[in-house]
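The disulfide bond feature in TrEMBL is assigned to Cys78-Cys132, Cys82-Cys134. Residues annotated as domain 'CTCK' in TrEMBL: 55-139.
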Amino acid sequence: IGSSFDDPSNPCLSYTCNPTGLVAVVQDCPKQTWCAEEERIYDSNKCCYKCKNDCRTTPVNVTVKYNGCRKRVEMARCIGECKRSVKYNYETFQLENSCSCCREENYEFRDIALECSDGSTIPYRYRHTTTCSCRDQCEQSKAS
């Protein structure tokens, strides 16, 4: 009782012994999408994986202008390719092409001071992309 062991044939499954018997514990892999075996990067216990792709953030310089004030800021944008795939839709009984693209996954708000022509400054808040991923075009971004 209290001991546990991994399933040798399934790295996502482990067992724990308790007073009522054997309890199976299945590891959850959130946000995991399917990709070919050669495109997978596994975690330390070889259960969950991420798909290799070129989707990433890259810096871009932008001049923010607001109420006659401005400032040059380095922001991040999403660039890169996403794998195309075809899946079978059981509701329409046909194959459908994927429509994923490299999009913002997480962001944070950042505060800056815009410089005005009269020498004053005004506070300004913008949304800075922190991570990108290949996402369905219909999904919404979420705050981090």
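The backbone N, Cα and C atoms fix where each Cβ goes, and this holds for glycine too.
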Cβ neighbours of Cys82 (disulfide bond) where a neighbour is any other Cβ within 10 Å: 20
Greatest C-beta neighbour count within 10 angstroms, which of the disulfide-bonded residues Cys78, Cys134: Cys134
Helix, strand and coil totals (DSSP H, G, I; E, B; other) for the domain 'CTCK' (55-139): 0 helix, 63 strand, 22 coil
Mean of the pLDDT scores, which run from 0 to 100, over the domain 'CTCK' (55-139): 88
For Cys132 (disulfide bond), nearby residues of its own chain (Cβ under 8 Å, 6 or more apart in sequence): Cys55, Arg56, Thr57, Cys78, Ile79, Gly80, Cys102, Arg103, Glu104, Glu105
